[in-house]
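Below: one structure, written as structure tokens.
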Amino acid sequence: MCFKLMCITRTTIHKFQDMLSLASVRELPSIDVCDDLWTIFICPTLPYTPLHLLSRTHQRRHRSYRTVRGELSGRTRQDHGLNPVTKSSALQMGGIRCRNRSVVHCGLIVTIFLIQIVGKTSPKAQYPVPGGQIPAYDGQYPNPGVDTAQGGYPGERSDGSRRQEGPVSRISGQDLRSLLQRVDVMLSNQCTKNVAAQWQFETDVNPGTQQAALLAQLEYADYQRAVWGVLNKVSRDQQQDGPIWRQVQFLSVIGPAALPPELLDRYNKLISDMLSVYNGATTCAYNEPFKCGLRIEPELSVVMGRSRDWDELQYSWIEWRRLTGQKMRDLFEQVVELSNQAAQLNHFKNAAEYWLFPYESPTFRYELEGVWDEVRPLYEQLHAYVRRKLRDLYGPDKLSRKAPLPAHILGDMWGQSWSNILDVTIPYPGKNFLDVTTEMVEQGYTPLAMFRLAEEFYLSLNMSLLPPEFWSGSVIEELPDRVVICQPSAWDFCNRRDYRIKMCTQVTMKDFVTVHHEMAHLQYFLEYRQQPKVFRDGANPGFHEAVGEAVALSIATPRHLQDLGLVQGSVDDVPHNINSLFSLALDKLPFLPFSLVMDEWRWDIFEGTITSDEYNCHWWRLREKFSGIKPPVLRSEIDFDPGSKYHIAANIPYIR
């Protein structure tokens with residue numbers, strides 16, 4: 001009996017032969033390079049059995065595809081019910097044929113290791129994209145969550161054993177440890193290549209780097225899928241060692257990389273298209289039709305933060321959403337379908353359950369809302385106070401005494417932080433709140449000086465010196481000769497030595513705090529760098545941000561700024577203290593309900609409680625429920641206002 005597996009190129013076979021050093025692999029005969037992909041048939045009935053490399057053109061003729069998981073259990077998966085556009089696009093990537101049929105001899109061990117190796121896609125195919133859509137799952141999340149129905153992990157029965165689909169690979173404890181060590185080296189190397197390609201794309205956005213980034217992600221996904229195919233068959237009764245079993249659990253959840261190659265390509269292209277819309281959007285200035293090319297950073301952010309012209313703010317708010325969200329609504333709907341399919345292949349009910357599993361609590365969503373209910377009274381007081389101040393500024397004809405706040409007058413494009421309206425809402429005018437931006441400029445601060453001071457701060461806490469690769473490789477200022485995605489981010493290149501930050505730093509107090517926040521991520525990277533690849537991440541997705549925020553609160557204290565010579569003397573009285581705390585509240589409190597809405601909205605969509613004809617309405621329903629915010633003008637389902645936020649376009653969870 002033969003099992004049909006997946007597609008593989010000669011190069012991939014040789015890679016695995018070399019990396020895994022399989023003693024039982026015999027010499028591979030010459031194989032002509034295939035036009036696209038190889039289909040493999042493995043007959044595990046003999047010590048050494050032939051693999052017949054056959055054509056897959058029939059799959060396109062029958063307009064269907066198969067997954068390894070389904071084929072090993074003798075089942076065929078038909079198309080996942082995509083709409084005609086998605087189905088057609090996915091199937092067009094499958095026109096595959098080979099020039100030659102050859103026979104490769106290999107042993108049973110090769111059969112185990114090559115389960116689900118995916119061959120490289122045709123070099124003829126064009127993949128415009130990404131900037132970050134798959135790190136499907138590279139071990140960055142912790143324990144594969146809890147099954148809400150059974151109280152166990154995804155893929156586990158209530159008794160702790162894994163659900164099995166097809167033959168179970170019996171691997172001894174010692175063999176599994178050896179395998180995981182090899183997997184660690186292999187995935188670390190592939191992760192380094194992938195992260196390097198994504199870095200190149202985000203620091204030099206152009207079609208060439210986009211395509212290279214996508215191809216690197218696809219290759220990384222191939223390796224993830226190969227490991228997944230083996231470890232997904234290991235049950236708990238085969239392996240009792242706690243750390244070893246936890247590694248198996250982590251590596252058995254790979255997110256979107258579990259999709260068949262055709263749909264993974266489609267998934268990446270959809271996210272790439274949304275990111276292209278977001279990153280390429282530019283508007284013209286209000287009442288200046290010939291002053292165009294304004295991007296979200298820095299021009300539109302400056303307008304939303306500094307202007308107090310109601311009409312200018314409303315114009316900028318509407319234009320940004322017209323040029324971003326409206327254009328990606330249909331793309332997002334298709335991403336939802338593919339995200340749910342990927343989650344199901346990872347043994348989750350839907351993508352909402354997959355996003356929540358790293359927190360290891362079956363009631364996590366309810367816990368979040370419970371915590372928010374505790375904070376809500378303070379937020380409501382802040383909301384009422386700010387509404388009164390803005391009503392005084394814009395007049396009662398613009399703001400009702402009891403209505404939600406219009407989203408466009410809160411100091412940024414999304415109303416997620418109200419820090420920029422501090423000047424018109426400050427409780428004690430004239431009692432200077434703590435903002436050392438002017439002093440930093442006068443003292444000649446530069447982005448490099450800000451990063452050096454941040455490193456000194458961490459060294460004073462007995463933390464690690466940054467490696468030379470950080471200083472030689474990081475991008476800490478916007479590059480004038482290329483397009484850079486300026487979202488501040490910290491990068492781990494998976495090789496235990498190369499760590500970088502990407503940030504278009506401005507000499508401001510806000511960016512000074514952000515520099516320390518991002519460097520906290522690097523210090524966390526350095527602390528766990530000796531762990532296996534699968535454990536090199538935060539205890540859960542919220543830990544990294546929590547560490548960064550804790551440090552940021554320490555940086556902004558009067559005492560620390562006085563030690564740096566940025567504050568010549570601080571006044572400890574009620575007006576100054578109230579102003580300082582109020583400034584902090586404007587930044588932190590509104591962000592909590594905004595973050596909650598960002599993911600509550602997507603969870604509802606993934607779970608199917610909200611359909612595509614309610615996307616925008618449900619968004620504003622949640623914004624009003626949690627934040628007390630409304631759109632400045634009437635909106636409809638033609639609009640797609642959530643798409644004006646980067647994390648929606650990139651399909652990245654936000655609550656962390």
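Keep in mind that glycine also has a Cβ here, set from the backbone N, Cα and C atoms.
The annotation region 'Disordered' is assigned in TrEMBL to 129-170.
Summarising the annotation, TrEMBL assigns compositional bias 'Basic and acidic residues' to 156-165.
Annotation source TrEMBL lists disulfide bond at Cys284-Cys292 (among others). Counting every protein chain shown, 10 other Cβ atoms lie within 10 Å of the Cβ of Cys292 (disulfide bond).
According to TrEMBL, the N-linked glycosylation site annotation covers Asn287. Of all Cβ atoms in the protein chains displayed, 10 besides its own lie within 10 Å of the Cβ of Asn287 (N-linked glycosylation site).
Within 10 Å of the C-beta of Cys504 (disulfide bond) there are 18 other C-beta atoms, taking all protein chains into account. Feature annotation from TrEMBL assigns disulfide bond to Cys486-Cys504 (among others).
The active site, proton acceptor 1 annotation in TrEMBL covers Glu518. Counting every protein chain shown, the number of other Cβ atoms lying within 10 Å of the Cβ of Glu518 (active site, proton acceptor 1) is 25.
If you measure from the Cα atom of Asn287 (N-linked glycosylation site) to that of Cys486 (disulfide bond), you get 27 Å.
Taking the Cα atom of each, Cys486 (disulfide bond) and Glu518 (active site, proton acceptor 1) are about 13 angstrom apart. Using a 10 Å radius centred on the Cβ of Cys284 (disulfide bond) and all shown protein chains, the other Cβ atoms total 14.
If you draw a 10 Å sphere around the CB of Cys486 (disulfide bond), it holds 19 other CB atoms from the protein chains shown.
Across the structure, Cys284 (disulfide bond) and Cys504 (disulfide bond) place their CA atoms 23 angstrom apart.
Recorded residues Cys504 (disulfide bond) and Glu518 (active site, proton acceptor 1) have their alpha carbons 12 Å apart, per Cα-Cα distance.
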